[in-house]
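Enquirer: OK, TrEMBL features for this one:
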type     : residues                     : note
ACT_SITE : 395                          : active site, nucleophile
ACT_SITE : 398                          : active site
BINDING  : 188, 190, 201, 253, 256, 288 : FAD binding site
DISULFID : 92-97                        : disulfide bond
DISULFID : 132-167                      : disulfide bond
DISULFID : 395-398                      : disulfide bond
SIGNAL   : 1-32                         : signal peptide
């Protein structure tokens with residue numbers, strides 16, 4: 001009887017929290033909401049208003065602080081890998097696209113050592129960041145020299161076999177792989193646009209989203225002109241897909257929307273003589289998301305962003321037990337710093353547990369066993385191909401953030417398909433059935449941090465649009 005009572009009370013608390021979320025969101029937005037972007041999202045049972053309040057008041061402040069910690073700010077990446085799909089048309093020549101190395105001495109010793117779960121006497125201390133700060137003024141990518149030995153990464157590299165990976169992983173031991181300080185290289189509009197950028201997204205949508213070539217997505221600048229077509233044929237096709245393939249498209253669209261919001265929010269407003277000025281560009285935002293200017297497509301794009309947010313939120317909920325074990329340390333070499341970082345991460349997990357409307361991934365790949373296995377493999381290979389397309393991005397800074405966010409989503413998918421392995425993890429010994437590399441951890445949290453930032457920036461754009469009216 002008490003169990004039934006507890007279940008009932010939990011359901012009531014969930015409904016009360018949902019109602020409170022809607023009310024708080026209404027008040028937080030000054031009583032004004034976008035009439036198009038509201039209500040329940042497709043393919044799940046959560047509403048936009050609840051996500052807004054949960055993210056902006058609970059998650060965003062914490063995830064922002066977490067990704068500023070040393071463990072999460074350094075990402076090792078190879079920005080020199082050639083495009084595997086078409087001849088390289090040259091890298092972006094705009095100064096804000098360039099790579100500006102940051103000395104290897106600035107990377108915490110624990111991160112460079114590759115012994116990600118061990119403490120040594122060579123504790124890392126806070127160092128002078130003046131050289132990196134100078135690079136920040138130039139708006140360039142900062143990375144370190146990269147002559148790390150293969151042995152340094154061997155112990156961490158032995159984890160899940162390739163069939164569990166949803167991304168084409170960079171070879172961390174490659175001479176071209178470099179550490180990049182993400183804080184000194186914020187994602188922003190660098191001026192990279194036009195046919196080169198369109199070709200990357202066109203390849204992703206047209207060749208990797210289970211789509212027949214005869215069906216064009218709306219407002220595609222590389223597709224044949226079809227007059228006033230509002231995309232009805234495209235969405236009739238999309239709604240006719242199975243849940244898994246429809247989810248795949250929505251994930252990619254959500255990622256694209258999130259990246260576009262970052263570019264609109266950090267737009268180059270004035271180059272000036274002394275210093276470039278970056279800030280929100282309302283007109284650019286309207287061109288990409290306004291209902292009228294996009295023939296209603298903007299609302300779909302934003303809803304897909306929220307959908308992607310729920311997917312990655314669910315992955316973090318599922319992977320929490322992996323990090324809660326005492327054996328897992330977010331190691332940089334500074335014990336005090338690392339303890340504070342893990343405590344902050346656990347606070348994020350606790351907030352996620354309180355959210356009452358998670359995406360239910362159990363409905364995916366739930367059909368006939370062999371058909372589900374084949375479909376899952378298709379899903380994985382299509383996404384892995386998209387991660388390879390990121391090496392075709394001409395702007396180095398755009399490539400950096402594209403690779404990181406793609407790997408973050410790929411890691412989230414890996415987690416969602418590894419529930420059994422995560423449940424069976426030993427408490428006091430290294431993982432065997434499931435493992436995350438440091439690269440995957442950094443990409444997962446920073447990738448989710450980018451989605452959280454997008455939803456937070458949407459609130460700012462609503463306020464700016466209200467002022468312009």
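Numbering starts at 1 and runs along the chain as it is shown here.
Backbone N, Cα and C define each Cβ position, glycine as well.
Automated prediction, rather than curation, is the source of TrEMBL annotations.
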Enquirer: Would you measure the largest Cα separation among 188, 190, 201, 253, 256, 288 for the FAD site and round it to whole Å?
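Expert: Greatest Cα separation within the listed binding residues comes to 21 Å.
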Enquirer: Relative to the Cα of residue 395 (active site, nucleophile), which of the recorded positions 97, 190, 256 has the closest Cα?
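Expert: The answer is 97.
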Enquirer: Please identify which of 190, 253 has the densest Cβ environment, defined as other Cβ atoms within 10 Å, among these binding-site residues.
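Expert: Its Cβ has the most other Cβ atoms within 10 Å: 253.
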Enquirer: Spatially, and counting Cα to Cα, which of the binding-site residues is closest to residue 97 (disulfide bond)? Options: 188, 190, 256.
Expert: 190
Enquirer: Applying a 10 Å Cβ distance cut-off over all chains shown, what neighbour count does residue 256 (FAD binding site) have?
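Expert: Around the Cβ of residue 256 (FAD binding site), 18 other Cβ atoms lie within 10 Å.
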Enquirer: Taking the Cα atoms as reference points, how far is residue 398 (active site) from residue 167 (disulfide bond) in Å?
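Expert: Distance (Cα to Cα, whole Å): 17 Å.
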Enquirer: Would you mind checking how many other C-beta atoms are within 10 angstroms of the C-beta on residue 188 (FAD binding site)?
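Expert: I get 20 for this one.
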Enquirer: Calculate the distance in Å between the alpha carbons (Cα) of residue 288 (FAD binding site) and residue 167 (disulfide bond), and round it to a whole number.
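Expert: About 28 Å separates the two Cα atoms.
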Enquirer: Measuring Cα to Cα, how many angstrom lie between residue 190 (FAD binding site) and residue 167 (disulfide bond)?
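Expert: Residue 167 (disulfide bond) has its Cα 25 Å from the Cα of residue 190 (FAD binding site).
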